[in-house]
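Asker: Straight out of Swiss-Prot:
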- GLY10, LEU11, GLY12, LYS13, ALA14, ALA15, ASP106, LYS107, LEU108, ARG109: CDP binding site (BINDING)
- THR39, ASN41: Mg(2+) binding site (BINDING)
- THR93, GLU101: FMN binding site (BINDING)
Amino acid sequence: MKIDGTVTTGLGKAAYFLSQDFYVNNFKKNCGFRPYPGTLNVIVPEEYLPQINKVKNECKNIIKPDEGFGAVKYIKARLNDEVTGAIVFPAKTTHEENYLEFIAKDKLRDKLNLEDGDTVSVEF
């Protein structure tokens, strides 16, 4: 599945969670990279929500951390046909349903010179 979406600013909460060893170690082990402490937030058209929710609900990749932190489902993905990473689906989130959170080893706004409003493609 390949979806075009719009880059937007998040709430900055992912930086804290992606700095926790149990998340970092699991992503490194299962995805092959140590994630940059933050996500690239992408708003996708609502017409894709049924397919995204199906992928999320059927996803078997899950990190269940220590008490006090929420579980995270993830699926390997690519951004703009060039960056390998993953889309994360945190059990606890404040984002709307049509937000995808993409993680990678690099700060993608810098690496790809992205700004709010830019269009990106996400494939998973």
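Note that Cβ sites are derived from N, Cα and C of the backbone, with glycine treated the same way.
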Asker: Using DSSP, would you call ALA14 (CDP binding site) helix, strand or coil?
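Answerer: It is helical.
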Asker: Just to be sure I understand the packing, how many Cβ atoms besides its own are within 10 Å of the Cβ of ASN41 (Mg(2+) binding site)?
Answerer: 19
Asker: To the nearest Å, how far is the Cα of GLY12 (CDP binding site) from the Cα of ASN41 (Mg(2+) binding site)?
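Answerer: Pair distance, Cα basis, whole Å: 10 Å.
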Asker: ALA14 (CDP binding site): which of the binding-site residues THR39, ASN41, GLU101 is the nearest Cα neighbour?
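Answerer: Closest by Cα distance to ALA14 (CDP binding site) among the binding-site residues THR39, ASN41, GLU101: THR39.
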Asker: Over all pairs in GLY10, LEU11, GLY12, LYS13, ALA14, ALA15, ASP106, LYS107, LEU108, ARG109, the listed CDP binding residues, work out the largest Cα-Cα distance in Å.
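Answerer: Those residues reach a largest Cα separation of 18 Å.
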Asker: Name the residue among the binding-site residues GLY10, GLY12 whose Cβ has the smallest number of other Cβ atoms within 10 Å.
Answerer: GLY12
Asker: Determine, from DSSP, whether ASP106 (CDP binding site) sits in helix, strand or coil.
Answerer: coil
Asker: Name the secondary structure element type, per DSSP in three states, that contains THR39 (Mg(2+) binding site).
Answerer: coil
Asker: Counting across all protein chains shown, how many other Cβ atoms sit within 10 Å of the Cβ of GLU101 (FMN binding site)?
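Answerer: Excluding its own Cβ, the number within 10 Å is 21.
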Asker: Select the most exposed residue of ALA14, THR39, ASP106, LEU108, where exposure means the fewest other Cβ atoms within 10 Å, treating these as the binding-site residues.
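Answerer: Candidates: the binding-site residues ALA14, THR39, ASP106, LEU108. Fewest Cβ atoms within 10 Å: ASP106.
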Asker: Based on DSSP, name the secondary structure state of GLU101 (FMN binding site): helix, strand or coil.
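Answerer: In the DSSP reduction, GLU101 (FMN binding site) maps to strand.
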